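Take a look at the structure below.
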Amino acid sequence: MVSMSPTHKPSINPVAAAEFSPRSFESPTSERMAAFPRHLHTDYYYHLGLDTDMDLRGIFGDVKFVVLMGSAARAEFFAEAMANAIVSKGMPKPAVARLGKTERYSMYKVGPVVAVSHGMGGPSLHILVNEIAKLCDRAGIIDSVKWIRMGTSGGCGVPPGTVVVTTQAMNEEVEPFWRCVQLGKVVKVPTDCVDMSFIDAILESVPEGISAVKGKTMAADDFYEGQGRLDGALETWYNEEDKMAFMKRLYDAGVRNIEMESVAMMGFCNRANITAACVCVTIVDRLKGDQITSTKRELSRFNEHSIDVVSNFIAGIMDCTGRNSLS
């Protein structure tokens, strides 16, 4: 129990904090941004190596999409793929520019698209999206920019190579909430997709030859026991039968893939009312095993599936002069 002095009252009831994020376009993202950082003379986005003394509107004012992915290498690869996808639609090839520092995250800008790595797991992603959102706010694009997380995942009843577009993120307890702790209080934030039409538009643009489905995604805080694996370092209380019962429970609940970031991503974007999607390719079917047995060549091809889906979607809605046509 929290003891409060008579002279101090909390600005927000922590138990009801999740209620500050209704899924409604009546409350734009700009009205949900915190007042405190807006009043700072200089706001330092420490992990990005950027700050508000820079011309953020000049650098990022034309950005329509922020694409997030795990590794720095993938961010660089996607930036080049995005530039080539723009060329494939008959538009001039934009330059690929690296921005900020690279100790924690790596950021690239290619035309109206920012590609940035978020590291591994929800906590790493949550640090990034806070700084990206503040950057977008200062750049004057927070109400229009769309976010897409792209990466790999374990499938749940779908074969390796399948791209899953998330409709709702589930936590490890199979609840549609992002659980975060603020001042010692557990706050549950809904993880529904803000705009299902965005999900449908991505699915409609999937290139021929790539299998894609929409479904729920479970995000764990761990790759091994958090995802019910038996091939971790330590003995578990559960066995193969228990694991398979849980995997079938996930499948019956509509879960089609498992990873470690979507619940933080969707929770943050739901709270902020940011139109967002998670587009992840599967590299193993967890209903058939824990080990990733695909060859290096197969894994490379699977990785390209999610990259092709996202880059083709974005390039497809840009007109011949390179302007983005998605309002």
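Every residue gets a Cβ built from N, Cα and C, even glycine.
Quick look at what TrEMBL lists:
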BINDING   ARG104, ARG149, MET150, GLY151, THR152  phosphate binding site
BINDING   GLN227, ARG229  substrate binding site
DOMAIN    64-309  domain 'Nucleoside phosphorylase'
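Mapped onto this structure are the features recorded in TrEMBL.
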{"residue": "ARG104", "record": "phosphate binding site", "contacts (Cβ under 8 Å, 6+ apart)": "HIS47, LEU48, GLY119, ILE127"}
{"residue": "ARG149", "record": "phosphate binding site", "contacts (Cβ under 8 Å, 6+ apart)": "VAL67, LEU68, MET69, HIS118, LEU125, GLU261, SER262, MET265, ALA276, ALA277, CYS278, VAL279, CYS280"}
{"residue": "MET150", "record": "phosphate binding site", "contacts (Cβ under 8 Å, 6+ apart)": "VAL67, LEU68, MET69, PHE78, CYS278, VAL279, CYS280, SER306, ILE307, VAL310"}
{"residue": "GLY151", "record": "phosphate binding site", "contacts (Cβ under 8 Å, 6+ apart)": "MET69, GLY70, ARG74, GLU259, GLU261, CYS280, VAL281, SER306"}
{"residue": "THR152", "record": "phosphate binding site", "contacts (Cβ under 8 Å, 6+ apart)": "GLY70, GLU259, CYS280, VAL281, THR282, ILE283, PHE302, ASN303, SER306"}
{"residue": "GLN227", "record": "substrate binding site", "contacts (Cβ under 8 Å, 6+ apart)": "GLY154, ALA220, ILE258, ARG286"}
{"residue": "ARG229", "record": "substrate binding site", "contacts (Cβ under 8 Å, 6+ apart)": "PHE223, LYS243, ASP290"}
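According to its DSSP assignment, GLN227 (substrate binding site) is helical. DSSP assigns ARG149 (phosphate binding site) to a strand in the three-state reduction.
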